[in-house]
Every structure is written in structure tokens, then in C-alpha cells.
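S.K.: This is the feature table in TrEMBL:
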{"type": "TRANSMEM", "residues": "12-32", "note": "transmembrane segment"}
{"type": "TRANSMEM", "residues": "44-66", "note": "transmembrane segment"}
{"type": "TRANSMEM", "residues": "86-106", "note": "transmembrane segment"}
{"type": "TRANSMEM", "residues": "127-149", "note": "transmembrane segment"}
{"type": "TRANSMEM", "residues": "185-203", "note": "transmembrane segment"}
{"type": "TRANSMEM", "residues": "230-251", "note": "transmembrane segment"}
{"type": "TRANSMEM", "residues": "271-289", "note": "transmembrane segment"}
Amino acid sequence: MLQWLVTSAQAIFTVCNLFCTCFDATLLYCIVKQRMSLSRSTGPFVYIIFLTGFGIVEKLNAIVMVDSWPLAEWLVPNGGYEKYRQFLGSYVTFIFLFCYLTPLFLDCMMTLHRILIFLSPMRSTKWFTDIKVAAYCILVCFLVFNWLLVQQVSSCTLNFNALTSFLESACAPDRHPVTWFQNKYLIYVPILSMGVNALLLFAQRISRKFWKNSVFALAMSNSQLKRENAMIRQAFFIGFYLSVYEVLYLHTRLYPESFRSMPFAFQTITYDLRLLAVGSLNFFIYFVLTQSTRSLVLAQLGWNSKKMSAKRNASLSQTTANNFAVKN
């Protein structure tokens, strides 16, 4: 029964991750296509490029992390998974951490961008052009990569073990200082981002309601304000979504023996949920939450045109039926 539950959970996880990967690829294509047809950017173009790019790599890598255990044991019975971990495990874990941490700190940069827009709308357009935002994002990627590389080239590399759902250190029970710092303080990053963005939304409402003639109110039209509010909500929910991974991991870090004593199926499903929270980030933010990108993706898939055609056909059928009823 438990084995069936674990197999079902991993199959559902893989299907959901593949679906979210396809969404990220579609959104990336739509955003690039739209940007090439416009003379200027009309939204968080660069941020979406980086988030979807990292999202695609992270989800494919997460599938390897989760499915490598049954596949390795099926291909090489009796020790196949341990051989995989010794050969590739630390590198796969490194890629996952890089693809997880980079969007986390990109969210901080998005929050900083929103703060500057609130404080000085005029200057923000000069400091956050598409080229400069791309440069800032590349700098964040470079810093995160080198931060993790310090740990990777040491004797305390991290290696995910699907049988225990733990990121195991090569020098256990010790930890590399980088790992120790992340375990202790990383949870505050998304929580701080959520708090700042919530305050920004509240401050904007106060500013528009009580100080209609303020510099901020005069500098931004209603459409611009609506777009900025949408971007602030995006930054807020990115922080919220990524905090799910950290909060669920908190129990594992604080009470490892308690987690190990739980059934294997519970451990596996818990980690699958954590990874899925990270993997479904872009789908939730840019499809469920944001109407503009949702419409863009649906239009690319032809769903909107089909829906409008169905509505027209239904309306025509109703009109024909009414005319027939009148004649009779």
C-alpha cells in the first residue's frame, strides 16, 4: 500500500512538473515574441525571461532528483541509486540550489525596483531600463553561483538523498559555513520580501487616497498604477511561494529525528510538495494571478479564438431558434 502511494505521488509530481515546464516554455516563447514585435518593453520582460529560464531548468532537474532513485534501482539493481549519487548527485543538487536561490534573490531585486518606483518614479525609469535590469539579474546569478561554488569545491558538498528526503552533507554531521548560514537565515529572505511588498501595496493605497496631488500620484497614470500594483503582487506571491519550501523544510532541519521516524511515504510526499511549490511558481504567478500574461499564453494556444468562436456559434444558434419560434 505504501509503495503504491509513493509511486503514485512520484508519478503525479512528474506529470505536474512536466506540465509546468511546458507552461514556462510557452510563456518564454510568447514574451520573447511579443517583445520583438514592440519598440519598447511594456512589462517585467527581463524578470520573466530569467524566472522562466531558471524555472525550466529547475523543473527538469527536480524530475531527475526525484525519479533517479527508482530508475537507477531498476537499471542497476542493488546499489544503482548510490552509484548515481556518487557520480552525479552533488552536481544535480548544485543545479537545483542554484535554480532555487537565484529566483529567490531576483525577487528581492524586483522588490527593490518596486520601492524605487514608489519613492522616485522618474529616476526608476533611468535606473531600471531593460538593459540595466538584465545586467542586475546577471550580477545576481553570478553572485549566487559563486556563493554555492565555494561549498561545491569543498569537502562538504550537499547531495540530495531521495530515500531520506534530506540534503546530506559529505562531511556530516558537520556543515559547511555556507550551508549553515543558509539553513539559519535563508527563511527570512522570502518573508521579508512579502512584508515589504505588502507595505508597498498599503502605502500606494494611502498615497492615492489621501495625497492625490503628491509627486507619486501625479507621475503615474491609472494604467501605470494598475500595472505597478500587479508587479508588486507578483513580487509578494513569489516570496510567499518560495517561503513554502523554507517553512516545510524548517521542521526537517529543527527536528531531523522526528522526520526520520515518520513513514517513508510521508517523507517522500512532503519533499515532492516542497519541490512542486517551487516548480509551480511561474504557473501560479503568470497564469493564475496575472491576467495579461494569461491572455498572452491562451492567445498563443488559440484557446481565446476558439472560445469566441464557440460563443458566436451559440449566439447564432439561439438567434435561429428564436426566429423559428416566432415564425411558428
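Cβ coordinates are placed from backbone N, Cα and C, and glycine is handled just like the others.
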S.K.: Under 8 angstroms for C-beta pairs, at least 3 of them, ignoring pairs fewer than 6 apart in sequence. Is the transmembrane segment (44-66) in contact with the transmembrane segment (185-203) by that rule?
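M.R.: The transmembrane segment (185-203) and the transmembrane segment (44-66): touching, no.
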S.K.: Six or more residues beyond either end and a Cβ under 8 Å away: which residues meet both conditions relative to the transmembrane segment (127-149)?
M.R.: 41, 45-47, 50, 94, 97-98, 101-102, 105-106, 109, 113, 116-117, 178
S.K.: Can you work out whether the transmembrane segment (86-106) touches the transmembrane segment (185-203), with the criterion being 3+ CB pairs under 8 Å where the paired residues are 6 or more apart along the chain?
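M.R.: The transmembrane segment (185-203) and the transmembrane segment (86-106): touching, yes.
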S.K.: Looking only at the recorded stretches 12-32, 185-203, 271-289, which one has the largest tally of CB-CB distances under 8 Å to the transmembrane segment (230-251)?
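M.R.: Answer is 185-203, with the largest number of Cβ pairs below 8 Å.
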